[in-house]
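Worksheet: one structure, shown below.
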């Protein structure tokens, strides 16, 4: 142990004396007696155990049930607690957040701090958790060696006692705090006590957009090391220019007593051995004594050494092919006997920025990334391996190759799993000061320098051996100050093998190797003062800008969102220096809570009585809290797919397939193709898809099509499926797809239904109140006053619970609401524009209603105007045509005042009395899709249960639309035309009124929305209007047609 690391226990002051110092309000005090950062240690005592990653008996988990007492402030904790548990103590699981176990409340905020902003001071009422745990050590742990305790994550600051004696203090919630317990331990029972503070000055550096919770939320473990032991290991790989050979570079430092550290004869008696294994094969091995080459005029290091092992033709690590070796680093004594060994998974890979491109192993990589918070709806920020694996497998299955640890270092196991399964990682320091004014305030304050620097340097020291980490990040949304420049230089000096990114200060400062904006748009400038966000196509062409551009956050997936995502990917593929980005974000950060009836529901900001709060802004995920996919996850999967397709010729039918894989052959994929007419296959085939990386190949599907007769469009569908299962996917997993509408000339189309009839089955009846059309067992009744079709009777039973009428509104999306809330109105938000224009308060008036009898049909014409504040805003004309087959065709023409903003929709709605189990349609599906989010949807014949037509967004909104539909069948109802539709047990009005999904109640019958036109959902961000111009409804005139029939009456 070095002199700096030695712990000399002194008489322990009383708890009240320690707390009197208020270390948690001093930014220059971040720890007492905490050991230096290093990669995870396990101290194996057998080489084969280290090689095989066998659980080490030298590391013991202390997870489980701990004793817990809660206080509203630290000063209320009695001094005697450090010696023994208090009578009111309860059992608390570790790891966990105490707010999820009945103590205190979770608080959700985005930008604003949850406490008054007065750094470094925090509230006097500072919730405090007092934990204790008893354990018994192995006798040999007491006799010799060093016993450490490791806290992988404690929020936000804590003091530690062992057997009544004070050990130390630490803050930084997201990196390990490790202490030497050796001087405090005894034979038999030992008791540790941990006092955890909810708020500390460190909380000002942890203003991330997440739930603010407290406690010991990651693993706690004991580690036993020999007296002489490995204290740091740094592993890096260096590849030759042609990648045919490599060097494994290992720096190992040893803890040696101070008296011996400058005695070369003593230190050279110890040797470091490095073995490189590939499965059970020893690839390379090297052994050498401690000691380095001279460093400067004062000599060399005696307590460390540097080893370099040459490897010929190494397997290269990438997210596509995560080839891992096992490096075992051993400390040997003078007799060549093993003292201890540490071991790490190692990947040979090179990360470099060359000619403006981020390259992995010499290839420019396209980042298919997502931001991920550590979040679980039941356990909060305590994440286990099962949850981590679930996320990784889902990401891989949906064509993600990268993840940004937003916005803090993750649990150590996360990186091992990313190494193993193959994900590129941006490792981000636990720094965010978003609520500061200005954000850079603390980054320019010298008193906060050590607090900033430890969060960056300790992250690098812990995680730098992982091949999955390709980029370091200095943190998030903390402005750009002198501290950032200093820490950028420190990383570049200490780890020149990886680039550094940092978005603060405008995304293109001197503290970043990558231009990494958040929410910059493809073609639209956002000229904010001081930190403009240029259109990304423009940004890479700015003078003196030669860096790659990778969006650190984009495509804000809040609720029903993600419109325009495909535009980003068109740009990424078109401009080489636009190298992708990280979607915001992975999972809806909702917590499970029980309602007054004991039923669980997903809660968001404010549901726990937390104030301040930012409502549902915590729910921006591609997946629900339980990891069920949002529809937008499929859009991401399709846009990011590794195979691209183009149609070369239709006669013969030839397609071209391009592989975007950089390193792997597509030798586990089959391509399936199918020609469909009205959703039914008329010709299909398949063949192996064995493409080299970055290669393109043409495939001839068929020389000619068979004679095809029938109504509808002809579609060519292709999809790529994996043949064998992989570590992250089952066999037959679909990884890419596309479709084309084939020219009509390839199909012989049958004629539609004829209007001719041999008998007249239609009757028209008019009186002062109604107009009624009758056809056999059904009749339609119009109200003369309202002009609306208010009854559609079949066999004497009315099938309409509400009249069929115009529909111009939708239950507002999060993107429609923007930042508006009761106390803060954003006049630019769509919902506020609609309110101001009176769209929600339109008064309908019927101008005319009249009927005409034609030779084979009855025609009814109705005109309506919609007014607000005595101003006419909309004029609609409905032309109903009833034919001899009992069909009702409606032609709708809508005229819109030029003063109105874009409407949410132009369509019709009604409440049907029927409830059927399934919905069938010919159009885009199977999942929800919208005009600006339909790349992943395919045109075919689909069938789904009614309940699955509703997307259960936690904050209810417009949902469930299916676009470009030509046929809809719901029980006896059948509609044809060209329209979008949504069908649900919930009305638009109920969706607008409900604050949570679990509050929705199924209504009578079924609500049916038929849209001729629907505005896009947007999604570049959620706080400014982001629907692109071509997806707005800004025309003055809209027209559409729908044909209805009730089939069992014909």
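Heads up, the Cβ atoms here are built off N, Cα and C, so glycines get one too.
Annotated features in Swiss-Prot:
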type	residues	note
BINDING	110, 209, 477, 553, 554, 555, 556, 620, 1023	substrate binding site
SITE	373	site 'Transition state stabilizer'
SITE	407	site 'Transition state stabilizer'
BINDING	432, 434, 477	Mg(2+) 1 binding site
ACT_SITE	477	active site, proton donor
ACT_SITE	553	active site, nucleophile
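Projection of Swiss-Prot feature records onto the structure.
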residue: 110; record: substrate binding site; Cβ contacts under 8 Å, 6 or more apart: 209, 434, 614, 617, 618
residue: 373; record: site 'Transition state stabilizer'; Cβ contacts under 8 Å, 6 or more apart: 208, 210, 406, 585, 586, 587, 589
residue: 407; record: site 'Transition state stabilizer'; Cβ contacts under 8 Å, 6 or more apart: 208, 209, 428, 430, 431, 432, 475, 476, 477
residue: 553; record: active site, nucleophile; Cβ contacts under 8 Å, 6 or more apart: 371, 406, 503, 518, 519, 581, 582, 583, 584, 585
residue: 554; record: substrate binding site; Cβ contacts under 8 Å, 6 or more apart: 518, 519, 520, 568, 581, 582, 583, 584, 1020
residue: 556; record: substrate binding site; Cβ contacts under 8 Å, 6 or more apart: 519, 584, 620, 1019, 1020, 1021, 1022
residue: 1023; record: substrate binding site; Cβ contacts under 8 Å, 6 or more apart: 818, 819, 826
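Between the binding-site residues 432, 477, the minimum number of other C-beta atoms within 10 Å of a residue's C-beta occurs at 477. Residue 434 (Mg(2+) 1 binding site) counts 19 other C-beta atoms within 10 Å of its own C-beta, drawing on all protein chains shown. In the three-state DSSP classification, residue 553 (active site, nucleophile) falls within a strand. Taken residue by residue with DSSP, residue 432 (Mg(2+) 1 binding site) is part of a strand. According to DSSP, residue 1023 (substrate binding site) is assigned to coil rather than to any helix or strand. Highlighted in sequence order, 111, 207, 208, 209, 407, 433, 435, 439, 475, 476, 478 have their Cβ within 8 Å of the centre of the Cβ atoms of 432, 434, 477, the residues recorded for Mg(2+) 1, and are not part of that set. Per the record's binding annotation for substrate, residues 110, 209, 477, 553, 554, 555, 556, 620, 1023 show a top Cα-Cα distance of 18 Å.
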